């Protein structure tokens, strides 16, 4: 009986002397590599403020989009102002009337159509320009817009130059050809057509900026790919 009790005591003492097993801590996660760190760092920065070629191309694409929206105003205003420039002048009675109509001059007709076409093109090019903001590496879209913008520069410049010549004759006349100025009688007609010509030349300047931006974006993309 005593031996059994002694064995039991020895067994309890051995169990009390043991320490509980501690859990082994998991190994630390591997440190992220440099590209991963850069990606995480760029993820918290707005895409327009990111450094590097991609952020620069996005800024240029956004500027291109804003310029297209800005160019729609002058072209549309020039087309509407020319189309509504007709004026009637009554002399003595309503039976003797003189009219100044824009479609009496082929230059004004061409001018109105060219500005309307340019405004429609700018409206249709907005989705392509917005796609360039989302995908700044899409060189094919930039090249297509560059070609179309160049065509619009030529078209609007030719139309504005032709209309400017007619407006000058309407204001100053031509003594050698015995053409008298008509703006002294048709104030509204000359005012509308003159404003339309100024707006059209403003649109030409914006188109030139668009061509310059498109060429710079394509050239920078080509240089980055080459290196």
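Each residue, glycine too, has its Cβ placed from N, Cα and C.
These figures come from a predicted structure and were not determined experimentally.
Between the listed ranges 39-59, 60-80, Swiss-Prot ties the annotation transmembrane segment to 60-80. Judged by Swiss-Prot topology annotation, residue 185 lies across the membrane from residue 219. Confidence in the topological domain 'Cytoplasmic' (1-59), given as mean pLDDT, stands at 53. Helix, strand and coil counts under DSSP for the topological domain 'Extracellular' (171-197) come to 13 helix, 2 strand, 12 coil. The helix, strand and coil residue counts that DSSP assigns across the topological domain 'Cytoplasmic' (129-149) are 17 helix, 0 strand, 4 coil.
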